[in-house]
Each structure stands twice: as structure tokens, then as C-alpha cells.
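Chemist: Mind looking over this structure? Questions follow.
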Amino acid sequence: MKKLTIGLIGNPNSGKTTLFNQLTGARQRVGNWAGVTVERKEGQFATTDHQVTLVDLPGTYSLTTISSQTSLDEQIACHYILSGDADLLINVVDASNLERNLYLTLQLLELGIPCIVALNMLDIAEKQQVRIDVDALSTRLGCPVVPLVSTRGRGIEALKLAIDRHNANDNVELVHYAQPLLREADFLADAMAQEMPLQQRRWLGLQMLEGDIYSRAYAGEAAQNLDTSLARLKDEMDDPALHIADARYQCIAAICDVVSNTLTAEPSRFTRAVDKIILNRFLGLPIFLFVMYLMFLLAINIGGALQPLFDAGSVAIFIHGIQWIGYTLHFPDWLTIFLAQGLGGGINTVLPLVPQIGMMYLFLSFLEDSGYMARAAFVMDRLMQALGLPGKSFVPLIVGFGCNVPSVMGARTLDAPRERLMTIMMAPFMSCGARLAIFAVFAAAFFGQNGALAVFSLYVLGIVMAVLTGLMLKHTIMRGEASPFVMELPVYHVPHIKSLIIQTWQRLKGFVLRAGKVIIIVSIFLSAFNSFSLSGKIVDNINDSALASVSRVITPVFKPIGVHEDNWQATVGLFTGAMAKEVVVGTLNTLYTAENIQDEAFNPADFHLGDELLGAVDDTWQSLKDTFSLSVLANPIEASKGDGEMATGAMGVMDQKFGSAAAAYSYLIFVLLYVPCISVMGAIARESSRGWMGFSILWGLNIAYSLATLFYQVTSFSQHPTYSLICILAVIVFNVVVLSLLRRARSRVDIELLATRKNVSSCCSGTAGNCH
């Protein structure tokens, strides 16, 4: 079979991702475009004659980049197409918004690359009484047009057949440009490298006349002639860019008049009715908060019910199983304990996180595909405008509820560097899925019936601190106003189940692989340092270990936030949590249960793997039946109490070490707000610079330490009033000094993003091998 590389391109909300998932299924690979942290997805599928590599390009309305502030999505899509890596393009067009979508289609066809138009969302168009003559549209465009309903899989086989049959577009004159424009486009084309096809050279000439800054990188010496061409055109027309766009829109209007009845179409009544409530200025925000709480309830409640299968199952296989092998093969006791506690304990920490994190990713995917996520940005626009940000900057922040890394990367959709940078600085404060795992364990141990309220308050606190960080930046080092907010609100529709599952699986797989590697390595590392003293001798009590000795020296620093000297395990959790937040649970689990594993004798004769696995299945089934009872729905934290090791020995030790719910909540505040994990730090550095990464770390540490100290000292003021008063005053004075220094430093701060300084044309024009 012949190999074929196809680029999948289309407007945002045109159903491009759903079509990508329909074609490729689980055969996907996610990486980054070379040089920038913009996600690049590739998938594989086969037609009758070809083995196809499908590249999912970022959604864009146009290939024209007017300024360097244009979002990176448009730049990358444009440069991939110009690179010539794609043998064929599939342009996904929303049939219910044909006129707007055809602008990108005309640009692609003018470029001369073989193209197939995938006319998607025909079901929505039919509901709006939109009728499109597919054959007439294909004739007018000069390329195949395949009708699709990607959410239901309709038209997929016809699309594959079109891929096998299509070689080149018909030579159809689409747009009638004014003669002066064609003259100058030919003048510029003659100065370009002659090995480039004439059609592509002429297209680049028109793009340059329209003001596209990145087409100059491909124009060679012709870029030097641009000023001459513009000077000649100035005598004949007012604005060449306006004339080019007007010619294209006239062509689009003529096509739509012939092939469709879009002028008499009826907008979706359901969408209009729901939006009257969802977008209401008074109801919009409460509804958004309710949706966020629903996401939290789903993750805790249903995810927690599935935990026994992953928790008890992993204990049976990776802890008791390793102990059984060790005793059966007569391993030394220290080696058996080391493997069970380090390797087995690490795996046992990762797997119980899967159901809760998976349910959260599923809910986020549902919100994105249903059309609500765009509404959330619209609802939050007024608040974001107060920060000097457009409403769409809240979309990356919402994604942060799943993971902060795509939240930071999502800032690329914003146009202005200042807006991108402010959003990047706010993103780490959004409570990610890994933090949810920590909150659920502490809530079950300390807060009882108030657990749901405690966890939800931490989510709200993260949003509040992100907003306050934005206000601080606006009034100190990043003064400015938000750019005008124009955002398309897609029609509501039921998400496609296959697409939801694939998106959830891709995110969950990335989380488990990333978290698993770190947690297992950290667990083994901690087990080693927990087994030996500073002198290198094996210890019987972990309080005599090297890890305990070093941690006791550092722990007094955290006394103001309620971490006492004998609770050195909590200090270790904060340091390992900087690598990945989910490691905090693994660290506390490893350290708090270490003595139990050492003291409890294991009898290999009593171990039966099948019985333990059946017990895990029975516990899970019982949890699922109990999940939907009224008592559990009223208090979803109950679903997370069956958390294996953490639910028994570790929770008892943890309760004793912290001493109070106030100290535990203060610790959670610090975990929520302090340094981002290593992956987020790397994303911040690549999307901005190392300097801004350092600022994010220091600001997060300050906010976390200050707020946790204030909370704990206020709640425990009666126990030590003098000490509490000193701590509170010290925090206030320090932050006043910090804010004063930031106000003075604003004139010396460079807010230009590292990503915008990179030569995107060079880094995005490579082959698929550059996806890493």
C-alpha cells in the first residue's frame, strides 16, 4: 500500500477532532510541534489503496497572519501547509456555517494543494432547514466534496474512497481579483524561487499584499520588492488587503447563493432557548459554579466507587504478591520489604488515582464537545475584563482542572503576548486532578460530613487566587486593557461517545504514564533512604532513618503553617510534590505506613491472589450500588473512604501527626498554591521564558506560605496569641514590600513571550519526524 500524509484543517468547532477520532480511533500519537509546546496529534488509518498518516492541524479561520501577536495556532497551521509535507488536505467545513468556513477553503484551493472538502455537521444544518447542493458545490470549488456527520460515522467510507481517487484539484478560477492586484502578485511571483509552482508563488504574492508577515519568509528576494508593489497600488486603490478580502467574500457569496439557502435558514431554537438561561447575566455564574461542583461530585462519587478494584487489586498483585514471591524464593527480609514498599507501593499509589482522574477527564471532554466550554468563557468575560483579559482566556484555566500543563499551553490561543503571559501565570493556581487525589484523602481523614464542602472550597480558593494574581499583575508589572472579545458560540449537541472515550483515554494514559514513572521512582528512592541511617546502617525504626534526620532540620520552616517537628513526613511530601503533585499521596502513603509494613508479619500460606482479587471486585460492586444512594450523594467524600492503605494505618498516623483539622486544611492550602510540578514548570519556561518560570515559582511559594500561615495562625490564635500575631504581621509586611517592588519594576519588565520570538517558520516546516 502507498503511504500518504494528509493534513486535517478547519475552523474551530467544525467537528475536526471528532472526524480525526473517527478515522484514526486509538491509533494516535500526541507530541509537540518542533520548537513550541503546541500539541501535535498524528493518527494512522488505512484506505483500500493507502496507508495514511493523518496530522490534526490547529483550528484556524484563515491562513493570513497579520501580526506576530496572532495566536500560534494560525502560524503553525499556515507553516505546515506551506512546508509541503502534506500530500493532501482534508478541509473540514461546518455545513451550518458554510459562508464563514469557505474563506479558509478558498485560501487552500488557491494554494493549489490537492484538497477534499469534508462537509460536516449536516445533521445540524438539516435541523436549521439548511439545504446544500453537494454536487454543485464540488463543481464550483473544483474539488471533491464529501457530506459527513462525523458524530455518527456517516460518510466516513465515502471520504476514504475520495482519498484513494483524488490526485489534483480542477483548474477552476475561483476569485476574481482586480487587475492591479494580479499584476503586482505576478511581479512578486517572478522574483521568487522558480522551482516553486507558479500557483503557489502567486498565492504568496497575494498573501504579502494582504499583509501576511510569515509569507515573506518563503518569498526570498521578492520580499524586498513588496514596498515597491504597495507604493504602485496606493495610486490605484485605497487598501489592497481590503480589496483582496472583499473579492474572496464576493466569491463566497456567489457560491452560497447557487448551492445553498443559508439566507433563509433558521437558527437552532434549542440553542437559543438554553442560552437565554446559561448566558443570563445573573444566572450564568451560579450555573457555571454548579457545573464545576457537578464535575467534582462525579469524580469523587463514581470514581471513588471504582477505587476498590484498582486499590485492593494492586495491593494483592504488587504488594502481597511481591511479598509472597520474596518469602517463597527466600529473599532477604530487607529486600522483600524494599520491593513491596518501594515498587509495589508506588504502583499501588498510581492505580487508585485512575478512576477519579478518568472521570474528571471524561467530564471535561463532555463539556468541550457539547459546546458549554465556550459559554463558560462568555459568562466569565466580565470578570476577566476586570483583570485586563478577554473572556476566552478563562478556557485554558478551566482545562487546568484536569491538568495545568495543557492549561499553560492553551494560552497560545490568545492573541496578545501580555494576555498569554498573564494567563500562564494564573494557570498553576487551578486545582488539577492530581491535587484532587490529595484533597480526597485528607477530606476522608479529617473533615467527615464536611468533606465535600472542604474540597469544593479549595477548588474555589484556587480560582480566587488565580483571579487575585491577575489583578496583581494588571496593577503592577502588566498594565493594559483586554483586546476585544469576539468568540463563536457553537450549537449545542450531544457529544459522540467514541470521541469522548478516545479523548479521555489519551489524557488518562498520559497522566498515568507521567505520574507512574515519577511516583514509582520516588517511592523506591524514599524506601531506600527510609531504610538506612546517615551512617549507612540499616534501621529498624524509620524515625532513625537518614530521611527523617534530614527532614527534621527543614520542618521548623513550616511550623507557621501547622506542620509540627515530629510530622517530618509532611515536609518530605511537599518536596517530592514539586516533581508531581500526585506524588504527595504516594510519599505520605509510603512514609506513614512504613512502620506497619515492617512490623506486620506476612504469612505466605495465607496468601491467595484469586481470593483477594474477587474481594476487590465484590467491594467495587458494593461501592457502585451504594454510590447512588441518597446518603452518599449528599456527601460524596464517603465514596473515597475506601482508599486502601491510606484508609487504615496511614490515615490513623496522619491524623495523629497533624493533630487538628485546621493544620490539615492549612497544609492543603499550601499544596494547592505552592510551586507547580516539574511538567508545568517546563511548559511555563517553553511558553514564556525561564525568568517567568522563576517568577511563577517564587510568587506561588509566597502566596501559599502567606495564606496557609494566615489561616492556621488565625484559627489557632487562642493557643499562642503572641506567636500568631508576630507571624500574621510578618506576612502582611512582607507582601506589602513585594507588591511595592513589583510596582516599581514594571518599566523594566519584558512581557514578550519566548514562543513569539522563535522562528516558527523554521521550526514548523519540518517533517513528521519533528514531532517529539
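Using N, Cα and C of the backbone, Cβ positions are placed for all residues, glycine too.
Residues annotated as GTP 1 binding site in Swiss-Prot: GLY10, ASN11, PRO12, ASN13, SER14, GLY15, LYS16, THR17. Look at Swiss-Prot and you will find ASN120, MET121, LEU122, ASP123, VAL149, SER150, THR151 tagged as GTP binding site, backed by sequence analysis. Residues or ranges marked as domain 'FeoB-type G' by Swiss-Prot: 3-169. Positions annotated as transmembrane segment by Swiss-Prot: 282-302, 309-329, 344-366, 383-403, 427-447, 453-473, 518-538, 664-684, 691-711, 722-742.
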Chemist: What count of other C-beta atoms do you get within 10 angstroms of the C-beta of ASN13 (GTP 1 binding site), across all chains shown?
Modeler: 17
Chemist: Could you measure between ASP123 (GTP binding site) and LYS16 (GTP 1 binding site) for me? Cα positions, answer in whole angstrom.
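Modeler: That comes out at 15 Å between the alpha carbons.
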Chemist: Look at the binding-site residues PRO12, MET121, ASP123, VAL149, THR151 and tell me which residue has the greatest number of other C-beta atoms within 10 angstroms of its C-beta.
Modeler: MET121
Chemist: Select the closest residue to MET121 (GTP binding site) from the following binding-site residues, measuring between CA atoms: GLY10, ASN13, GLY15, LYS16.
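Modeler: The smallest Cα gap between MET121 (GTP binding site) and any of the binding-site residues is with GLY15.
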Chemist: Could you check what DSSP calls ASN120 (GTP binding site) once collapsed to helix, strand or coil?
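Modeler: Where ASN120 (GTP binding site) sits, the three-state DSSP reduction gives strand.
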Chemist: Tell me whether PRO12 (GTP 1 binding site) sits in a helix, a strand or coil according to DSSP.
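Modeler: Coil, per DSSP.
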Chemist: Note the Cβ centroid of ASN120, MET121, LEU122, ASP123, VAL149, SER150, THR151, the recorded GTP site, then list each other residue of that chain whose Cβ lies within 8 Å of it, in sequence.
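Modeler: So the extra residues in range turn out to be GLY15, ALA95, ILE124, LEU148, ARG152, ARG154, GLY155.
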Chemist: Would you say the transmembrane segment (453-473) and the transmembrane segment (383-403) are in contact under the rule of three or more C-beta pairs closer than 8 Å, pairs 6 or more apart in sequence?
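Modeler: Yes, the stretches contact each other.
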Chemist: Rank aside, I only need the closest one: which of the binding-site residues ASN120, LEU122, VAL149, SER150, THR151 has its C-alpha nearest to that of ASN11 (GTP 1 binding site)?
Modeler: ASN120
Chemist: List every residue in the same chain as ASN120 (GTP binding site), at least 6 positions away in sequence, whose Cβ is under 8 Å from its Cβ.
Modeler: GLY10, SER14, GLY15, LEU19, VAL92, VAL93, ASP94, ALA95, LEU148, VAL149, SER150
Chemist: Including all protein chains shown, what's the count of other C-beta atoms within 10 A of the C-beta of GLY10 (GTP 1 binding site)?
Modeler: 28
Chemist: Short question: most Cβ pairs under 8 Å with the transmembrane segment (427-447), which of 282-302, 344-366, 453-473, 518-538?
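Modeler: When the Cβ pairs under 8 Å are tallied, 453-473 comes out ahead.
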Chemist: Whole-number Å only: compute the distance from the Cα of LEU122 (GTP binding site) to the Cα of THR17 (GTP 1 binding site).
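Modeler: Here the two Cα atoms are 16 Å apart.
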Chemist: What else in the chain is close to the transmembrane segment (722-742), if you only count residues 6 or more beyond its ends and a Cβ gap under 8 Å?
Modeler: 472, 476-477, 560, 702, 705-706, 709-710, 713-714, 716
Chemist: As a test: from 282-302, 453-473, 518-538, 664-684, pick the stretch that has the greatest number of Cβ pairs under 8 Å with the transmembrane segment (691-711).
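Modeler: Comparing 282-302, 453-473, 518-538, 664-684 against the transmembrane segment (691-711), the winner is 664-684.
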Chemist: My understanding is the cutoff is Cβ-Cβ under 8 Å with a sequence separation of 6 or more in the same chain; which residues meet that for LYS16 (GTP 1 binding site)?
Modeler: LEU8, ILE9, GLY10, ASP56, GLY59, VAL92
Chemist: Which of the three DSSP states, helix, strand or coil, fits VAL149 (GTP binding site)?
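Modeler: Once the DSSP labels are grouped into three classes, VAL149 (GTP binding site) ends up as strand.
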Chemist: What whole-number distance in angstrom separates the two most remote CA atoms of the GTP-binding residues ASN120, MET121, LEU122, ASP123, VAL149, SER150, THR151?
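Modeler: Output for GTP binders ASN120, MET121, LEU122, ASP123, VAL149, SER150, THR151: max Cα distance 10 Å.
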